[in-house]
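K.L.:
Can you keep this structure in mind? I'll have questions shortly.
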């Protein structure tokens, strides 16, 4: 009798522990997905903000200024490089004349 009661309690506890781990797993996956969406949204907003090139036509000045839209680094002015992900001219971390 005592063994059956212990066995029943043990099974009940195992089920509770399994449910607790499943709940933690669901929370972890949900948290990761939420963080991923936040990062994607931030990148999309930054790209949208700076994708429109409101500056002068690049043919008029020969190069694109800071945050101007580009496809390759050669389109950007001196000390600027075309950002791989957002496709705008960003500082290339060089200093000089």
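Backbone N, Cα and C atoms are what each Cβ position is placed from, and that goes for glycine too.
Heads up, here are the entries from Swiss-Prot:
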{"type": "SIGNAL", "residues": "1-33", "note": "signal peptide"}
{"type": "DISULFID", "residues": "63-77", "note": "disulfide bond"}
{"type": "DISULFID", "residues": "70-82", "note": "disulfide bond"}
{"type": "DISULFID", "residues": "76-89", "note": "disulfide bond"}
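Can you walk me through where each of these features ends up in the structure?
P.N.:
Annotation for residue 77 (disulfide bond): spatial neighbours 63, 64, 65, 66, 89, criterion Cβ-Cβ under 8 Å with sequence separation of six or more.
Here the Cβ of residue 82 (disulfide bond) has 20 other Cβ atoms within 10 Å, regardless of which shown protein chain they belong to.
In the three-state DSSP reading, residue 76 (disulfide bond) counts as strand. Cβ neighbour count for residue 76 (disulfide bond) (all protein chains, 10 Å cutoff from its Cβ): 23.
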K.L.:
For residue 82 (disulfide bond) and residue 76 (disulfide bond), what Cα-Cα distance in Å is obtained after rounding to a whole number?
P.N.:
7
K.L.:
Which of the three DSSP states, helix, strand or coil, fits residue 82 (disulfide bond)?
P.N.:
strand
K.L.:
Sorry to bug you, but what's the C-alpha spacing from residue 70 (disulfide bond) to residue 76 (disulfide bond), rounded to the closest Å?
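P.N.:
Pair distance, Cα basis, whole Å: 7 Å.
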K.L.:
Pick the one among the disulfide-bonded residues 63, 70, 89 whose Cβ has the fewest other Cβ atoms within 10 Å in this structure.
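P.N.:
It is 63 that, of the disulfide-bonded residues 63, 70, 89, has the fewest other Cβ atoms within 10 Å.
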